[in-house]
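Per Swiss-Prot, active site, proton acceptor is recorded for Lys165, His284. Taken from Swiss-Prot, the feature substrate binding site covers Asn113, Thr163, Lys167, Arg285, His317, Ser369. According to Swiss-Prot, the feature N6,N6,N6-trimethyllysine maps to Lys4. Positions annotated as site 'Transition state stabilizer' by Swiss-Prot, on the basis of sequence analysis: Lys324.
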Amino acid sequence: VGFKAGVKDYKLTYYTPDYETKATDILAAFRVTPQPGVPPEEAGAAVAAESSTGTWTTVWTDGLTSLDRYKGRCYHIEPVAGEENQYIAYVAYPLDLFEEGSVTNMFTSIVGNVFGFKALRALRLEDLRIPPAYSKTFQGPPHGIQVERDKLNKYGRPLLGCTIKPKLGLSAKNYGRAVYECLRGGLDFTKDDENVNSQPFMRWRDRFLFCAEAIYKAQAETGEIKGHYLNATAGTWEEMIKRAVFARELGVPIVMHDYLTGGFTANTSLAHYCRDNGLLLHIHRAMHAVIDRQKNHGIHFRVLAKALRMSGGDHIHAGTVVGKLEGERDITLGFVDLLREDYIEQDRTRGIYFSQDWVSLPGVLPVASGGIHVWHMPALTEIFGDDSVLQFGGGTLGHPWGNAPGAVANRVALEACVQARNEGRDLAREGNEIIREASKWSPELAAACEVWKEIKFEFPAMDTL
């Protein structure tokens, strides 16, 4: 008879409320804001269609394949409480729609085209359920939390870091000097800022050499293993690998990548190189707020965090809850658990739409960084626990006596908080008291307490449910 040409409603094909999801399906939760007059079922079905097999009209080649096998299905829709004309649309995608081991392909399919769709006023991807059948096709983090602790020989406490400031303008020699002072004072890591790549005032090779010198000198003096996140991000993938190879030849423990500006393809390749060559990989999330800050449009950071765990990274920045950068406590802890734990139970109060089973994929250390100082230490220790990296840039380098005393202040504050917690004290209630007690026998900490006693960044978090 031929096929029936013409345009038909998406919901006739792609809205299937009686569908039972399979254990191998990738499940997505979208926050959909339809245009006026578009029913939510049609909007949800349109999302399922445009992010899987559908197009705007019936095509004769539909008859050459099994749509039932390959189409995305919108299987449930619920209104968002307290919001007008917003719905959560749940979509199930058959696994065969995706290339194995490619975050790039997964995102191109699920969010590649549909966000510009005219029938929608706005669209946000809130969460993804990655089935083990798919996550098992990824290497994941180069090493993971336990292997990193074993490499560094550091247990039972969060790790301490510091971003070297001013982020741009220092010569390589002075930069290395700042690194040495911080590491000598008691930090575990120092860090290249995300936009430190290879600029005219400091070429990458010079920076790598002076930082390596600083690391070895500080290790010799303190007897502890030290590291500096050498930013390998570059304009081409070949150049990035060249920098990672040089870092490996210097014998340093860790390199760094800006995974959103660098891209998932480059990130996954770098993660593979890092595992094969014993390098840890620190991930910075520069550009994330462009994608995740709007409440009704874009992609929530928990999805970007899951994608990073699949693509590969040993550390990733994840907000502070208490500093100058974004993060509501329950929601932040939700995606922190998604980064660290093997199995995470569905919990809508924390923004977790699906239970996620990572099976044996290594975990990622969350990094708390941005506007934090010694007075925040009890809260950070309590909120993030041992498996985290606490990074104080200005909170180290802004110390009135210099970098090394700034590092000493942070290390003393951290050790005091960990000891108090281990003795059963309540960090949330007694935090200030614990810091004050410790500062009595640490002049460096006392000076830091004095400088930052009044600093607060008091704005409400945007990232609410």
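Cβ coordinates come from backbone N, Cα and C, glycine included.
Neighbour counts were taken at the CB atom with a 10 A radius for the recorded positions Lys4, Lys165; the maximum falls on Lys165.
There are 24 other Cβ atoms within 10 Å of the Cβ belonging to Thr163 (substrate binding site). Fewest Cβ neighbours within 10 Å among the binding-site residues Asn113, Ser369: that distinction goes to Asn113. Comparing the recorded positions His284, Arg285 by how many other C-beta atoms lie within 10 angstroms of each C-beta, the top residue is His284. In this structure, Lys167 is the one among the binding-site residues Lys167, His317 with the smallest number of other Cβ atoms inside 10 Å of its Cβ. Among the recorded positions Lys4, Thr163, Lys165, Lys167, no residue is found with its Cα located within 10 Å of the Cα of His284 (active site, proton acceptor). Binding of substrate is attributed in the record to Asn113, Thr163, Lys167, Arg285, His317, Ser369, and the widest Cα separation among these residues amounts to 37 Å. For the pair the residue listed as 'N6,N6,N6-trimethyllysine' and Thr163 (substrate binding site), the C-alpha distance works out to 62 angstrom.
Lys165 (active site, proton acceptor) and Asn113 (substrate binding site) have their C-alpha atoms 39 Å apart, to the nearest angstrom.
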